[in-house]
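Participant: My questions all concern the structure below.
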Amino acid sequence: MPKSRTCSFCGGSIEPGTGLMYVLRNGQILWFCSSKCYKNFVKLRRKPDKLEWVRKVKKSLLD
């Protein structure tokens, strides 16, 4: 059975067979649920705690 993964940026769940895997130079693997999360984290270097939409996603996951 495929593993369920969580997004490294927003914390959302990633369905098996979808998402984006990004490997850092130190060997750490980051998983992203969408290109929006990938671009915000890797290219724009934004912190997830400072974005309102990320807080809403994390709050909805906890409820």
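Cβ coordinates are placed from backbone N, Cα and C, and glycine is handled just like the others.
So Swiss-Prot lists the following for this protein:
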BINDING   Cys7, Cys10, Cys33, Cys37  Zn(2+) binding site
ZN_FING   7-37  zinc finger
Participant: In the predicted model, what is the mean pLDDT computed over the zinc finger (7-37)?
Facilitator: 94
Participant: Same chain, not part of Cys7, Cys10, Cys33, Cys37: whose C-beta falls within 8 angstroms of the C-beta centre of the Zn(2+) site? Give them in sequence order.
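Facilitator: Those within range, site residues removed, are Ser8, Phe9, Gly11, Gly12, Ile14, Phe32, Ser34, Lys36, Val57.
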Participant: How many helix, strand and coil residues does the zinc finger (7-37) contain under DSSP?
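Facilitator: Per DSSP, the residues of the zinc finger (7-37) fall into 3 helix, 10 strand, 18 coil.
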Participant: Using CB atoms and a 10 A radius, I'd like the single residue among the binding-site residues Cys7, Cys33, Cys37 with the highest neighbour count.
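Facilitator: Most Cβ neighbours within 10 Å: Cys37.
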Participant: Counting across all protein chains shown, how many other Cβ atoms sit within 10 Å of the Cβ of Cys10 (Zn(2+) binding site)?
Facilitator: 22
